Amino acid sequence: MTTSHVTPSSLSSVASARTVSQPGTALLGNGLETRGVHAWFGKKHVLSDVTLDFAAGTVTALIGPSGCGKSTFLRTLNRMHEFIPTAAMAGEVLLDGKDIYAPGIDVTKIRLRVGMVFQKPNPFPSMTIGQNVLSGLKLAQIKNSNTDDLLESCLTRAGLWNEVKDRLGEHGGALSGGQQQRLCIARSLAVEPQVLLMDEPCSALDPGSTFRIEETIADLAKTMTIVIVTHNMQQAARVSDYTAFFLSDGGPGEMIEAAPTSSIFSSPQNKRTEDYVTGRFG
Amino acid sequence: MAIELKERPTPPAPRQITTKPRLSDQVFRTVVTIGGMASLVILGLIAIFLSIKGMHILVDEKFNFITESRWEVITDETGEVIEANFGIGAMLIGTMLSATIAILVGVPISVLSALYLTFYANGKLKKVLISVIDLMAAFPSLLFGFWGFFIFMSSAEYWAKLINKYLGFIPLFDVPTPIFERSPFIAGLVLAIMIIPIVTSISREIFDQTPLDRVQAAYALGATKLSMIKAVVIPYGRGGIIGGAMLGLGRAMGETVAVYTVLNVVYQVNWQVLFGAGGNVASLILLKFGEAGPYEVDALMAAGLILFLLTLIVNATADFLINRFGGKGR
């Protein structure tokens, strides 16, 4: 997409209008930290030395042009990175201060605590809407006696309850793209993650659905830590408290700058960040 | 004042939309159509051939041909047929029993090995296993029969005795006299091994195509590999597994030599799978064909026609099952 019509001042005004969410009462976990994260696919070094903190109860946007390693970085945060056969990583990812890559860690437990929403809505087509929301319980073999309440609260938090409450027995594929994506958000909420990773969750959606999901993100940030990859800088400005800018100059992707979102858009410290957020490239 | 309603203009007649394909397209279309029709024509000709040869036997014997169990031809000194009675009831039962055992044993093994190959095996081992399984598909069935008769039979007989000892109170596992050799059970096990390659290949292919985004969605929700397979892979692959199983069933029902080697052809309906009596339609044809006179050959053709129809019904059922149950997980 083109961002040339966006002036840095307009973005920063959007960003400063957003109130930084204060750690809420029911905040889950103590956030996520990375220490010197590198990533490779085969011999190709795609991400170099990212050290970044995600404070509990904040929304952090990862921005940057395609191929800068931001999605790869996101996938190192819940160990989805290692599903690509040749993938490798170095460094540490600390969840509540403990390295999630440490030997002896149960990776399925990590993914329960660090949920993920994907670029393309991917509900399970063999399951109904209700079964989709609760699928995480079944997949992770979690017992929950009060599934009706859980179902309603997850769908409500994902902003979908009113649209689907009368058709929970229908198949997930019957929903529109935006509804499917909110269904996927509801699904990831059901296992009560403390961190939610979102990989361009709105890139396949229309503006109306995008708006609904952004509202949802703002709501969710009251209780959890959110990391969102986005190509849309207005979205980064609207939803995030912090923004990290990633860039690759042909070599591995690097994190160029990370700061409160309003200052990234109003007074970027790095020339390349400024060029990107003002739409000079990318 | 009444408003005068304007008459709506009649809509125009829809235009005829035609496309004139290019010559190259037309030629290719013809070639592809010929290819597509060839199998249908060949199959149809075989069916017609079997019908022409065998129809008079079916007309003579009527329903007795599939309900009775006998195969008698009495000829005089000149070779003229005086009396003949044909009925393949026992063989039809034998065909279905041994094929069912083959499916019950072979399909689970195949699905498990396909899951192993797709999601657990890696590198060299995976490649070696895949070529071994493909090689199994090309293995002559006579060799399976020999192996079944000379090597496998003694162990299978022992298992049969065990099943009979502990589950003999179930009529299916009872035997009238303790003859456990060359039973439908053993034939079914040999057939199970023979259908493993095809069912495994088809299942593996369909498991391989499981959409990655669903697999990842499951893992991202904290799924173990087992729960991911149960929630994503099996629903997606169900139709393919059923299709593979039906192809295997077709092979098991039509198998001739291997069954001939390991199963006693006895003209007596036998439901007791552990008892050494049975035979299937194909092995009956093989057994009788060598010494049969013209009239008996026609009867064998009729038996072939019945087997043909049975296979057709099985395939139609498979199609129905795939449409009914296969679509949901896709």
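Quick reminder: no glycine exception, Cβ is built from N, Cα and C everywhere.
Note that TrEMBL annotation is computational and uncurated.
According to TrEMBL, the domain 'ABC transmembrane type-1' annotation covers B:92-318.
Residues or ranges marked as transmembrane segment in TrEMBL: B:30-52 (among others). If you look at the transmembrane segment (B:30-52), the same-chain residues 6 or more away from its ends with a CB under 8 A from one of its CBs are 301-302, 304-305, 308.
Here TrEMBL flags B:88-116 (among others) as transmembrane segment.
Summarising the annotation, TrEMBL assigns transmembrane segment to B:128-152 (among others).
The feature transmembrane segment is assigned by TrEMBL to B:185-207 (among others).
Marked as transmembrane segment by TrEMBL: B:228-249 (among others). If you look at the transmembrane segment (B:228-249), the same-chain residues 6 or more away from its ends with a CB under 8 A from one of its CBs are 99, 102-103, 106-107, 110-111, 115, 118-119, 195, 198-203, 205-207, 209-211, 214-215, 217-219, 314-315, 317-318, 321-322, 325-330.
For B:269-287 (among others), the entry in TrEMBL reads transmembrane segment.
Residues 46-47, 49-51, 53-55, 57-58, 61, 65-66, 71, 84, 86, 88, 91-92, 95, 239, 242-243, 245-246, 249-250, 253-254, 281-282, 284-285, 288-289, 292 of the same chain lie 6+ residues outside the transmembrane segment (B:299-322) yet bring a C-beta within less than 8 angstroms of a C-beta in it. Positions annotated as transmembrane segment by TrEMBL: B:299-322 (among others).
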Cβ contacts under 8 Å made by the transmembrane segment (B:269-287) with residues that lie 6+ beyond its boundaries: 69, 71, 88-95, 97-99, 101, 160, 163-164, 171-177, 179-185, 187-188, 253-257, 259-260, 263, 300, 303-304, 306-307, 310
Surrounding residues of the transmembrane segment (B:88-116) on its own chain - C-beta under 8 Å, 6+ positions past either end: 65-69, 71, 129, 133, 184-185, 187-189, 191-196, 199-201, 203-204, 207, 229, 233, 241, 244-245, 248-249, 252-253, 259, 263, 265-271, 273, 278-284, 303, 306-307, 310
